[in-house]
Amino acid sequence: MLIVGAGPAGLYGAYYAGFRGMSVALMDSLPEAGGQVTAMYPEKVIYDIAGLPAVRGRELIDALLIQANQFSPTYLLGQQAAELAHKPDAVVVTSSQGLRVRAKVVVITGGLGTFAPRPLPTGTAHLGRGLVYFVPKLDVHTGQDVIVVGGGDSAFDWALALEPIARSVTLVHRRDRFRAHMSTVERVEASSVEILTFTEVAMVHGEEWIEKVELVQTRTGDRHVRPAQAVVAALGFTADLGPLTRWNLTIDKRHIVVDPTMATGVERIFAAGDITEYPGKVRLIATGFGEAATAVNNAAPLVDPSAKIFPGHSSDDGTGG
């Protein structure tokens, strides 16, 4: 089995395929396993994983790697899945770097697909000099005045994570309604984080490093300047499926349409996780785990015709799950 995407759903799928006795390879365009969690949210605390009241992103990925590595999957990192060819009883996936992988089944767990952060409207002149899109290491911002821009989960999560170590945290959003989970919004509102609504960043000042930020109140036009050594632009990401759009998959708003078995409609191609679309779809890491198991189990008879869809329980044979 080839799993395209080494994020949480892909890593759990690799474990589950190994548990089912399959040999597994994971292909990902990123240089490290863990997908968006490793690349963007390693310090973010995740609260909605079953059995884990709170876990940092990097800790979750470390645990998933330990679980998957019981069955020694092959990691093909820095390789973007590009071309698909069908052979008798198999498919061949060629990466953008020319690596060819033959597999009985492919499970796509590519998350957002190819993604790029949305820049601040003021530009990227201070990128790497105080302007960041995500916070891979919290302690870098110890004692700083931090401006977090955005109204979604990432903005509120980072504001909450930075509040205990930063000198000050200000969250600015151009509206007075937020996309973030209500419980997180309430926690930020109860903290020392200052929330400024109907506010945008008008200008970032500083020579070698950010020194101050000019904010504008969009309803009144009033401007004020406050000190800042860091600006976290949590404005979301633009994403597309890249070469996967050439695989004859059914696409709905940058997501791959699947049926209840996680099959895509293209022979021997399944999908799971945030990249999928079906009626009632909820995009959570937690649901991605179940979708990965569903995809692997339904794909199992294509790998081994004698295999059953239902695998039994891991507790029956002592295999960790």
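Each residue, glycine too, has its Cβ placed from N, Cα and C.
What Swiss-Prot records for Asp28, Gln36, Tyr41, Ala81, Phe115, Asp274, Ser315 is FAD binding site.
When Cβ atoms from all protein chains are considered, those within 10 Å of Asp274 (FAD binding site) total 25, not counting its own. For Phe115 (FAD binding site), the same-chain residues that are 6 or more apart in sequence and have a Cβ closer than 8 Å to its Cβ are Gln36, Phe237, Thr238, Ala239. Listed in sequence order, Val4, Met27, Ser29, Val93, Ser95, Ser96, Ile108, Pro243, Leu244 are the same-chain residues six or more apart from Ala81 (FAD binding site) with CB atoms under 8 A from its CB. Each of the binding-site residues Gln36, Tyr41 was ranked by the number of other C-beta atoms within 10 Å, and first place falls to Tyr41. Neighbours of Asp28 (FAD binding site), defined as other CB atoms within 10 A of its CB across all chains, total 26.
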